[in-house]
Amino acid sequence: MDGSGSWDAIDWNQIEDPRPRRPGQAVKESMDDFLLEDEEVIAQGHGVILLNNREAGTLSVTNFRLLFVSQAKKCVIDLGTIPLTTIEKLNDDVKLQPLPHLSDKSRPRELLQVIGKDMRIIVFAFVPKTKQKNEVFDALRRYTKPANLWDLYAFSCDPSTIKNDSEPKWRLLREYFRLFRKSLPQSRGAGEVSLSNDWWRLTRVNSSYSLCSTYPSELIVPRSISDEDLFQASTFRSGKRLPVISWCDPGSGAVLARSSQPMVGLMMNFRNNADEKLVCALSSRTTDDKGSPRKLYIIDARPRANALANGAKGGGSESSSNYARSEVLFLGIQNIHTMRDSLSRLRDYVDAHGSISSNGSPSAVSVVGDRRNRGSTWGGGNLNSMTSFSSTLGEWLNHIQNILVGASWIAAQIAEEAASVLVHCSDGWDRTTQLVALACLLLDPYYRTFSGFQALVEKDWLAFGHPFAERMGVPTVTEIGGSQYELLRQPSLGNLSSSPSRNVLGASGPSSHVSVQSQTSNNSSPILLQWLDCISQLLRLYPSAFQFSSKFLVDFMDSVLSCRFGNFLCNSEREREQSGATSSCRCMWSYLADLRASGGIFHEHYNPFYDPVKHNGALLPPAAALAPTLWPQFYLRWTCPIESQGGDLESQWHAMNKKYAEAMKAKDIAEWRAKDIKMKMESVKQDLQRERRSSSTAVATAQSAQRENAAIKKAIESIGCTIKFSTSENQEDRTEVLSCSLRRGTDARGQDENGDFSVSISAIEDGLVSEAPGDHFCESLCPFRTREGCRWPDAPCAQLGSQFVGLKANFDAFDRLSIQDCYFGPE
């Protein structure tokens, strides 16, 4: 494909054709190098093009994810690899609208569009006239909508391999003891532990979830409230989610409580004495000498109009006249459907105007030709698109700002005024959780650490029943008839008609598969994402107040969306306990901890600027500072990968640290090689010295032998002999023979003067010479012979080590020689 976005530029011949298949047999390329543990390939497509970056490769549907492996690089392409539960919508009838200047030729239409909950829109192009697209699409349609909870990949692992440090209930209990500034007994069971002080107490009235099925088994309530009062108060709140304490300050006595809306009825005139008693008990008296009453703020996260509209269903909001020393405020945060639609519009715009878009062009406007924006263009983009961008981005950031302002205001009243705050929305598990958890993060520096972040999430998101299964569109368990449990499939994320129409890749033609996840209702919403977005804004304002980084928040969100772990399955603590998700699935916290351990203190999850001493108290940002910006690390990572990290100091630090680590690694390797070379040089040097010593010894021996040979030669030549040395090969006698060929003239006896004869001198090897003195004798020519005879081995010749020792000479041959003067030179 060329830069203009034309399909004519794709050369399908350059892509390997699918391997031949036998009937009824699915072709699954060996993917062992790329699969996770217990991951299996279900369907595959070969020669598939990821249109976003024009990469060709193999597309596999596994029991966990949609896996795209590059054909050229032989590696996993992150952009084209997405967990099945992270997929929000599928569209198999994508049409590319041609630009006016392009020829209207027939183009391949084997396209599959995948829209993710993580701001990702990807399009795959399949080889025309094959069944690969249908096989992949059918597998996705089945496995992105599992029939029951246990079909998820999280349950595919062997439960015997699960290593849990502690149960979630025990960790929640440990957090409660920390809030009370007490140590949790290690030798006692959770059911026997008691906790209380002058103001509050820990109750196990909900141990069997009979009080509230979506609340944890242990609750912190005012000490003056009995368990019977709790049962009566629960009947006045939606879903029986009565007011309970989420965070408390043992120093001032202020608390942060949460609940659902009161069931005041259509006329807003219903009351409940137990509920009023419980709410008033939250505002205990202050610790000053006068014991003045504490102010109580009741925060309704909804717009006032929405609260009034809930009166038709029996809900509504409190009246300050019914609760002593109280004040009711509305924050105006919109509901889950508004948030979902707002994120969908932001995702469409980011994809359309990113450097990597879902149709393979740097700017979707220049390829698709957006009919809604026909203004002048500059640099491939549309100038009028800025208006759309401002409204789209401003809408989403306005939601983020409302949550930030509300949580900051709550934290300020507790920290500065020592007031107690009760927060609720309609059901008390979406906007309520966002506000309470964010306010806790601002109030308590412990929650700004890794261990504290885990405790906060497990307390306010998991234990207090945020409906993750509904918000992510995955199956869960629910109670039917009081005791019978069965599996229910929650509405999947993907009613295309309920969200803004998508025209990024052109209009969708009529097809029965356009909306494969359409449902009558859609309860999905990016509630957790908004909360993490607010934390990223605080990271920008207070870069040294958090132990974790923005990259940690991104990986945390991806782990939740993937449903790879059991921590965030189901809708409540009770459902997770009933399904066995905690004991049968791997733990996400252990996974993230292992990631950090693999990189040490320089891992990208760590905030390099963290200073716990500087920010050891509450964070209370002023209103002027609460102007959020787009979170680039999450929203722009797929469409603008360079820009998403470019302006972030934290990312720059990690990049520099990565280069430093690589340089240090190269330095260590170089030092190791230098040390190894040095050791080898020392070894060679020692070997050379040994060889030099051996050579010196050999040279000395050779010189000594040469001198002795020269002496022998001179002695024999002095009698006119021509010397020729030869070595006998006879291994038995092992003697060295010295043969001498002599030429003499005519002597007085009349012999032939031309006659030649040879004289041989045999040298017996030392080993063949007997050590007995009687076996050695010296001839009369021996210069060391005495009258006493041969004194071997004490004779001087033996002490000299001469080579003459052991020689046997044929002296009769010398007697027959006629020595003439011509044998000798002038000397």
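Backbone N, Cα and C define each Cβ position, glycine as well.
On a predicted model such as this, the values are computed, not experimentally measured, just so you know.
Residues 1-25 are the range that TrEMBL records as region 'Disordered', among 1-25, 351-375, 476-500, 501-525. In sequence order, GLN261, ARG302, GLY316, SER426 constitute the residues six or more apart from ASN310 (substrate binding site) in its chain with CB-CB distances below 8 Å.
Separating the Cα atoms of ARG431 (substrate binding site) and CYS425 (active site, phosphocysteine intermediate) is a whole-number distance of 6 Å.
In this structure, the C-alpha atom of CYS425 (active site, phosphocysteine intermediate) lies 16 angstrom from that of ALA312 (substrate binding site). Looking only at the domain 'Myotubularin phosphatase' (180-635), the predicted model's pLDDT averages out at 84.
Sparsest Cβ environment among the binding-site residues ALA312, ASN335, ASP427, ARG431 (other Cβ atoms counted within 10 Å): ALA312. Its own atom aside, the Cβ of TRP429 (substrate binding site) has 27 Cβ atoms within 10 angstroms in the protein chains shown.
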